[in-house]
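*Asks:* Have a look at this one.
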Amino acid sequence: MIERFSGEAGKRLRVEALTGQKLVGGDKGLAAELADMAELISVKAGDVIIQQDGTDNDLYFIITGAFDIVVNATPIRRRFPGDSVGEMAAVEPVQKRSATVSAAADSLVAKITEQQLSELGSRYPDIWRRMAKELSKRLIERNQFVNAKREKIRVFVISSAEALGVAHLLQSMFAHDKFLTVPWNQGVFKVANYTLDDIERELDQCDFAVAIAHGDDVTNARGTEWPAPRDNVVFELGLFMGRLGRKRAILMEPRGEGVKLPSDMAGVTTIPYVYDEKNDTEAKFGPAATALRKHIMSLGTIS
């Protein structure tokens, strides 16, 4: 089977197969780059490509065959062509593998490294949103999401390190409201050293997630730099959106700066803001805080 997809002669089939991958989302440009860089690997039935608690962080796209996902020696799911495996460790390189992945049949996979994924993500930022959607579905599969109703609304604030000033301003303006505002760096995540387990714990606790796009964040789109949320901000907002729903996952974006969002973020609740660190900071930011406050109070806690 691997011969069919190998070399220049097999490139058309590689591109076709990769275009159909969930993380690729039909993007032929992304599929073509993947076809050039990915390593094709033939896997025999019973062979293991990922070992639970392993420290590798490659990402695998399933081209043919099927793979069992095994946690603590118990098979829990089966993945098929179009699926990918290894996303969690690829997104958080210091995290150990959370499951074993073994071939249920003779299979073919395309492997890329974490570094290659990061490089692709800088050119095709939609891949982070798609990955977040897939991981959200897998979190739902675990069926651990029944929470007791909270007495106090909890609002979790996502941002890049560069936008922490905006996050802290929002927290201070909500100091006397009947809800708790928690920026990501205050006892939730450690800077540049958190895992998806940390995110999942916060998913279970919060009623709203507010992601702050910052004008200093940029991405390169067709050779032009555009303001855009950082990859981790888009990724985390996608996870919270998958759990909480679009009304409870809110994006705050700088007013008038033409922020570029992944195309499949359409429909996310957005609130524009003005942040002037030097002049009338609270007065200029106030309308955005008021709009967000009204939105939060209208929905309340999750039942």
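Each Cβ is built from the backbone N, Cα and C atoms, and glycine gets one as well.
Under the heading nucleoside 3',5'-cyclic phosphate binding site, Swiss-Prot lists 22-138. Swiss-Prot lists 154-273 with the feature region 'TIR-like', giving a curator's inference as the kind of evidence.
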*Asks:* Mind giving me a neighbour count for Met37 (nucleoside 3',5'-cyclic phosphate binding site)? Other Cβ atoms within 10 Å of its Cβ, every protein chain shown.
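*Replies:* 14, counting other Cβ atoms within 10 Å of Met37 (nucleoside 3',5'-cyclic phosphate binding site).
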*Asks:* On a count of neighbouring CB atoms within 10 A, which of the binding-site residues Lys22, Arg97 is highest?
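*Replies:* Output for this query is Arg97.
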*Asks:* Here the binding-site residues are Gly82, Ile127; which one has the lowest number of other Cβ atoms no more than 10 Å from its Cβ?
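*Replies:* Among the binding-site residues Gly82, Ile127, the lowest count of other Cβ atoms within 10 Å belongs to Gly82.
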*Asks:* Restricting to the chain of Ile112 (nucleoside 3',5'-cyclic phosphate binding site) and a gap of 6 or more, list residues whose Cβ falls under 8 Å of its Cβ, or answer none.
*Replies:* Leu34, Met37, Ala38, Glu39, Asp58, Leu59, Phe61, Leu120
*Asks:* Look up Gln52 (nucleoside 3',5'-cyclic phosphate binding site) in the DSSP assignment and report helix, strand or coil.
*Replies:* coil
*Asks:* Mean pLDDT across the region 'TIR-like' (154-273), rounded to an integer, is what?
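*Replies:* Across the region 'TIR-like' (154-273), the average pLDDT comes out at 76.
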*Asks:* For Gln52 (nucleoside 3',5'-cyclic phosphate binding site), which residues of its chain lie six or more apart in sequence with Cβ-Cβ distance below 8 Å?
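*Replies:* Val70, Val71, Asn72, Lys96, Arg97, Ser98, Ala99, Thr100 - these are the non-local Cβ neighbours of Gln52 (nucleoside 3',5'-cyclic phosphate binding site), listed in sequence order.
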*Asks:* Within 10 Å of the Cβ of Phe67 (nucleoside 3',5'-cyclic phosphate binding site), how many other Cβ atoms can you find? Include all protein chains, please.
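*Replies:* I count 26 other Cβ atoms within 10 Å of it.
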